[in-house]
Structure formats: structure tokens, C-alpha cells
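Some features that TrEMBL has for this protein:
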DOMAIN    B:2-160  domain 'Aspartate/ornithine carbamoyltransferase carbamoyl-P binding'
BINDING   B:Ser47, B:Leu48, B:Arg49, B:Thr50, B:Trp75, B:Arg110, B:His147, B:Pro148, B:Leu149, B:Gln150, B:Cys273, B:Leu274, B:Arg301  carbamoyl phosphate binding site
BINDING   B:Glu142, B:His177, B:Lys237, B:Arg277  N(2)-succinyl-L-ornithine binding site
DOMAIN    B:185-309  domain 'Aspartate/ornithine carbamoyltransferase Asp/Orn-binding'
Amino acid sequence: MKQFISVKDITNLNELVNEALALKKDPFAFETLGKGKTIGLVFLNSSLRTRMSSQKAAQNLGMEVMVLNAGQDAWNWEFEEGAIMNGTTVEHIKDAARVLSEYCDIIGIRCFAGLKNKEEDIQEKTLSLFMKYATVPVVSLESATLHPLQSLADCITIAEHPVTKPKPKVVLTWAPHIKSIPHAVANSFSEWMQASDVDFVITHPKGYELDEKYTQNAVVTTNQEEALKDADFVYVKNWSSFTDYGQVLPTKEDWMLTPEKLAVTNSAKIMHCLPVRRNVEVSDAVLDSENSLIYEQAKNRIYSAQVVFKKILEQL
Amino acid sequence: MKQFISVKDITNLNELVNEALALKKDPFAFETLGKGKTIGLVFLNSSLRTRMSSQKAAQNLGMEVMVLNAGQDAWNWEFEEGAIMNGTTVEHIKDAARVLSEYCDIIGIRCFAGLKNKEEDIQEKTLSLFMKYATVPVVSLESATLHPLQSLADCITIAEHPVTKPKPKVVLTWAPHIKSIPHAVANSFSEWMQASDVDFVITHPKGYELDEKYTQNAVVTTNQEEALKDADFVYVKNWSSFTDYGQVLPTKEDWMLTPEKLAVTNSAKIMHCLPVRRNVEVSDAVLDSENSLIYEQAKNRIYSAQVVFKKILEQL
Amino acid sequence: MKQFISVKDITNLNELVNEALALKKDPFAFETLGKGKTIGLVFLNSSLRTRMSSQKAAQNLGMEVMVLNAGQDAWNWEFEEGAIMNGTTVEHIKDAARVLSEYCDIIGIRCFAGLKNKEEDIQEKTLSLFMKYATVPVVSLESATLHPLQSLADCITIAEHPVTKPKPKVVLTWAPHIKSIPHAVANSFSEWMQASDVDFVITHPKGYELDEKYTQNAVVTTNQEEALKDADFVYVKNWSSFTDYGQVLPTKEDWMLTPEKLAVTNSAKIMHCLPVRRNVEVSDAVLDSENSLIYEQAKNRIYSAQVVFKKILEQL
């Protein structure tokens, strides 16, 4: 593996998931693979789960970890080629990416959507420019449009809960939130589910359609109840409007996931990437039920990162 | 050891101190005990000594260390069970504690008293909820009411300076400060001294009585001179009023510790947990004298943490 | 080596450079030399290159690294001996330095010039007081007047590009900037070039004379074109006025380095310590040319730090 920024960077999802599950059973099986190698984790945005799981994954492989907290204000990058840098930007992204490449064998970078400029976000301005100039493999720790390490962890979690029917039904359901939230987790989950052997349905209120680029082969409905019927896995996530870019639109119905709504499912397992606004996105009764996989997903973030780092290390 | 939040978590203080002193002589004697284990150090408040000594202690035992600087503003936890999280809190403490437990084998957490809400502080709201939900051993890196790693380091330091009489006289004396300071160090020192084979006296101005829960078997006096008489160890510390909770009350007499006041002691050794407001709490002449143990205390923070982590690792 | 704060702390520059180049070829040759040793990296100012290269250098030698981000506001040190600390300072530098010495075998510290008080900066108030009280070897990670780890990396870089004439001509040329920038890199480069076997010339606009202490044996001219003639290496750097201390003075001519200006050089290699204000200090065409050594300099920061840490470890 030469980079990991979307599902397109993997060759066989089933094999990758199985390899991750093998690492979960024996996390230190490759404890010397990363000896003498350094991973740099660059956070342009805050992080808890990604920060800790990536660090642990790298340490399990014997790598050294260097964390760089680069708040966008504190380390203001210039993005324009040829810019006369007499303003507020202090370093060109081309220099930042090249210099970090001198110190790291792999670079993980987190760069959220700003949700202000749709074109910049869609084009992954920060990630794509960083990768253009970096000379070592780059791993996305969540970019403007995708969060592949989360999605791989989600696939691992689903694989740990096999169903008796040929294909599980997996539903991604929009949930309410008080803030404007990026599309990366939803886009990415959709992308990975379409690469999986599952029946995949997306449900959300009108106006919350995701970028079609990520949903083209998915069943999409604004009828939450219909979507939830016979579901085996229900993935709950808020996102802001893509059409009215970054806006929080008013919704008439109550989209919070409750035990009542789950009655029509096939005793569905519940998933959420966390952090979760309890009793806004999902009720406590659902999150704290036996069917909740939220902490298993969090744990699997370790093995999703570890299998990716392992694949990259093997080709360094 | 399953947790370390107060003196009640240890079984034999003398044995623990001797084990710490053995680690001080040979810090790497158990350098593989923590191999493959990760300690997470979560700081809701700032830290220098605790941060560095805990990190070094863990590294001496071969553990991996992950530090999480979680300013209370930056990562606003919800504490209420059943809360509808449509406000400023972004993650419920139950989710934070559970997720961190997935990534760490031991969690250290620092959560100071807010000094605004007496009941919340006395009940150790943050620490107790965190421990309720965490699924791995928790070590206090200073909580609202206690600072046990500091107190254990203090016991180690006292043990390194044996006296010729049967029991040393140890005095905890209040000292002036310009800010409102929590009671944790004073409460904790009192608790550990009462578990030690020493004559223990607390002295402070009227109005600065500590929570009786921690001072019940101690001699308490508002006469500093009488308290200091024949003292072998003098521990200097400011704390705010407990009765007028969190307030800085005016004091008539001068409570700063000076060489003159020490004349009545038995050439007492001087202790302070640092940082110290020089020439406000204690005079330079005292802090920089041969009898000052302040830097030895700081060094012993390593071995106090190391012996605690070792005890916990042995029972994982 | 007992400390590393200027060129005076080394005995033989050529040998040191050769030892660094040997480490570059085999970075893990001494991977157990630092086993059980801890380096503390204390940043009173922000850092990217120094932070990451020092960390990697220490890890290559098997050391543990503890990073302390001590913003000057967050951890306000008292500097005055005998001060009554009833104001905004929370810890005396003597206590900070002594306590850090208890936890670290080597301490690296970054303390920029404030550019407000010339005397304080010239006297290296922070660094010199810190070293007075620290009880372990101290390494400058850039102080008020010097940046020796950068200069050593620059010497390594120059050594990797031998010229055919007996001595290379090295030119330090002032460059425009919109902010008030310290003199440390320029002073330090001048100091190390005068200790090297090179023809060294400094050029800058009138009013930008450096402290003579660092330039006494150098040729200094305000004629940039004359300075650049036949140059083999051109080091570009902005600094504020030393005479009008910390001021940005207006300059009539255009001092930005461009390909046109380089025509009179001997196909000079271009150096800059980064970060660089592109098209303000130097044009893109120069920075991105084949002759640019800026990323090699960044990489050599690892080996400059590594050789210094190695020398110190060998004498611990």
C-alpha cells in the first residue's frame, strides 16, 4: 500500500478485514516490523480516538510516533502556488509537506472540511496539495470528504457480528445535531459499504442528500421507518446539508434513534463513530443496550490503523 | 492494586515505601514488566511535575505512554445521566471513560477542584464518575480532594531522613498565597501522615480548618509557633478556606515560613510540593537552605508513581 | 561535551561534521547508547523542525523523549533573585530548572529573543539563568542570540557539497520580511562560518548591521551584488535591526533573492533555515531550483542534533 485516503487504496476488503482481526488476536505479532521507522501524526483539527488509536497501532508495530498539533491558526499554511507570502501565512504547504517527509517514514494527516467553501472541500484542497508535495506515504486521519480509518474499523466491527442470512442489511440513518457537521464519516461509510457484501440503505430528511459520488449504488430513502425495516446494523450519524452547503436545515419529523424505531429491525446492532450527542442523535436506551457496538468500533480503530500501517511498512 | 486514589488503596505503607526506595536504587529492575502495556495520562488541568514524573515512571517499567491534554473547555464533558446533550457538552463522561479504557491498560487522570461548588468537589464528581465508567484501573494524578502520588512521594522523602527519636514530629503549616488554592495536597498529606508512625500536627489561621474527614486524628492548632516547636519536618502549603469555600480570608499574623520561625524546631527539614511562591509562602533562606528537601520530593515523584504502576501491572 | 549553546562548546568542527555524516549513513549505529536516558525538550516558543528533528535524533540513540510545551504565558517564570512572588509569576526559574534536572539526563530548551529589551536578549537572560540552576547538560534549541543546532546542520550541508576551489565562498544575505525577526540564525551562522574554512561575506542594507560580537572577522558589505559575485553558497535570512533594536526599517533597494541576482554567482547553492516567506525573502524560482539545499538542511537537523546528543551521552 502506497497511501490510504479512500477505499480505492485497498485491493481486497475481506482479506484486509481478516488481517486486522488477526492483529486484534495477536497485536504484537509484528512488533519489530516498524523498528527504526517513524510515523508523524499531523492534526490540523482536534482528535481523541484517532490520536490515541493511531499512536497505539504504530507502537504495536514497533514504530516511533511523533505527534504534531498544528492548529490551523497556529501554523497558517499558504496553499497558492506562486503566492507572494507577505500576509498571514507563515509556511507554504509545499515546504511543510517536504520537511515533514524528511523526518517521517509515514505521515498521517487530519484536515477537516471547513464547510465554508464547497469546491475547496470537494477537491480536498489541503490533503491533495499535501500529498502532491510529500515524498512519503500519506494516511488520511479524516479529510474534508472521507474518514477511511473509521470506515475500515466499521467493516471490522460488522465482520465480528455475522448474520444468518446471506447478506446483512446495513442502514445509515441521519440523526439530529445542533452543530454543522462535515460529511466525511457518512460519505466514507457509504463508500465502504458499497464495497462490502451487504444490502446498504441510506435514509435522511429531504435536503440532506449526500454527494452522489459516494451514494450512486446505494438505496436512498427519506422514509426512516421503511429503511429500518429488517435492518441488521443501524449506523447513526449526523451531517449538514450538502446542497445548502454546511447548513443545518429544519426537520419536521423526529429523526433521533429510539428503541421504538428499532422495533421494526432484525434486533439491529447499533453503530456510531463517537463522540455522540446522547438523547439528541440517539437515545441512551439505544446506546447503552446490549445491541450497541459503539465501544467495539472505538477499539477496532486500533486494528484498522494497525493493518494499514502494516501494509504500508511492508512496501517501504 | 486495582486503583490508586487515596491511602485506602494501599495495604502496607512501610512496605510500599521500601519498595519505592528499592526502585530508586534500581529504576530499570522491572523494565519489561510493562512491555506491551499502555498508560493514558489524561490532564483536565495543567501539570509539570506530575506529567513528567508519571511519564518517566511508566517508561522505567517499559510501558508506552499516551498523554491527552484535555482542557476542560476544549473537551467539555457531560456529567448528568440521561442528559439531552443539545448544549455545550460534546461527549458524555461515560463514553470518554469507556473509550479511553479500550486504548489504555491503566488510566491516570488529573481533575482539580473547581472551588466553586463545594458538594461537587467533596463528592469527587469527575473522578468518581470517570471511575464508574472506566473498565481499567484508574490512578489519581490529583483529584478535587486528594493528591496521593504527591503524598506517597512525601512519605518516601521522610523515610530517607530517619530521626533519632522514636517518632519524628511532622508539622503541616498553612502559608500565605495570593490565589485561591485547592485543599488536595493538604488533605492528602494529612491522610498519609495519620497512616504513618509520626507525631502529626496541623497549624493554620482561624477560618482555614480543613475538612474534618481528613484531620480527625491529627492535633490541630492555630498557634504556629507552638506547632513548630521541636518539629523534625515542616511541610509548607497554602490552601483556601474550606468553610468559606474557596475563599482567601485575610490573616492578621504573618504566616510565611522564615529562618526565625524555624529556630524553635529540631533543625527541621523543609518540605513543599512545588511550585512555590518564594518569599510569600516561604522565604528564600528557608527554601535554599541545607535542610530543604523540595527537590528530593520532586525526584521521589518518579518512584511514587513507579511503585504504584508496578503494583497495578502485577495484578492486570 | 557538557553543554551545547554555541560554537565554543565544540572542539573540532571538521571531526564533528564527519561524525554527523557517519550517523546519517548509519543512524542506528548507537541505538543503545541512550538506553535508560531521558531528554526533556522544553519549548517556551513554537517549533516544528527543531521539535521533530530533536525527537528523532534522541530516538535514534535509544533515548526516551519528554516534550514540555511551556508557553511563556502558561508557565510564567520568575527571573529575579530574591523576588517576592506575589504577582503573576508562578514558579521561579531556579525551581523549574532544578526540578526538570531531576527528571531528565539532558535538557533542550528553546527561548527566543523577545526583541523588546536589548540587554536582556544580549545577556541571554532566560538561557543563562536556566543553565545556572540546571544540574544536567543543557542544549540550546535556539536562544535569544544563537541557534547552534541549525548552524551545525548548515555546516553538515555545506560539507556534503564540496567545491573545486580551495575554499568555498559563502554569502549570508539579508532578505525582506514583514515581521520583526530575531538575529539568532544570522548570528549563529556567522559564528560557525568563521570557525569554518570558507571565505565568508555578509551583506545587508544599511541599518541592519549584526552585533559585531558575531561578525568581527567577516567581510561585511551593503552591496549585495558585489557580495554575491562568485559565491558558492548563498544563505538567505531576514533579521530585524540590531541598532534600532527589533525594528523593521524601510529599505530602498529590492533585497529579495532572484535568479537574476544569482547570475553573478558560481552557480551558487541556496540555503535557508525555513520557514521561508516565498516571493518575499526568496523567489520560488530560486527555492525550487536544482541548486536549492533547503530540504537537505532540514534533514540534516536530525544529524546535527544526534551528534550533539551522542557527544553529551558519552560524557554523562
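Using N, Cα and C of the backbone, Cβ positions are placed for all residues, glycine too.
What TrEMBL says about a protein is an automatic prediction, not a curated fact.
Computed from a predicted structure; not experimentally measured.
Cβ neighbours within 10 Å of B:Glu142 (N(2)-succinyl-L-ornithine binding site), excluding its own Cβ and spanning all shown chains: 27. DSSP assigns B:His147 (carbamoyl phosphate binding site) to coil in the three-state reduction, outside any helix or strand. Between the C-alpha atoms of B:Glu142 (N(2)-succinyl-L-ornithine binding site) and B:Arg49 (carbamoyl phosphate binding site), the distance comes to 12 Å. The maximum pairwise C-alpha distance among B:Ser47, B:Leu48, B:Arg49, B:Thr50, B:Trp75, B:Arg110, B:His147, B:Pro148, B:Leu149, B:Gln150, B:Cys273, B:Leu274, B:Arg301, the residues recorded as binding carbamoyl phosphate, is 28 Å.
Within the domain 'Aspartate/ornithine carbamoyltransferase Asp/Orn-binding' (B:185-309), the DSSP-based counts of helix, strand and coil residues read 42 helix, 20 strand, 63 coil. When the Cα of B:His147 (carbamoyl phosphate binding site) is compared against those of the binding-site residues B:His177, B:Lys237, B:Arg277, the shortest separation belongs to B:Lys237. Proximity to chain A, defined as a C-beta distance under 8 Å, is registered for none of the binding-site residues B:Ser47, B:His147, B:Leu149, B:Lys237, B:Arg277, B:Arg301. Within the set of binding-site residues B:Ser47, B:Arg49, B:Trp75, B:Cys273, the entry lying nearest in space to B:Lys237 (N(2)-succinyl-L-ornithine binding site) is B:Cys273 (CA atoms). For B:Arg301 (carbamoyl phosphate binding site) paired with B:Arg277 (N(2)-succinyl-L-ornithine binding site), the C-alpha to C-alpha distance reads 20 Å. Using a 10 Å radius centred on the Cβ of B:Ser47 (carbamoyl phosphate binding site) and all shown protein chains, the other Cβ atoms total 19. In sequence order, B:Leu274, B:Ala298, B:Arg301 are the residues near B:Arg49 (carbamoyl phosphate binding site), counting only same-chain partners six or more apart with C-beta under 8 A.
Taken together, the residues in the domain 'Aspartate/ornithine carbamoyltransferase carbamoyl-P binding' (B:2-160) have a mean pLDDT of 95 on the 0 to 100 scale. Here B:Cys273 (carbamoyl phosphate binding site) comes close to B:His147, B:Gln150, B:Asp154, B:Val185, B:Lys237, B:Gln297: these same-chain residues lie at least six apart in sequence, with C-beta atoms under 8 angstroms from its C-beta.
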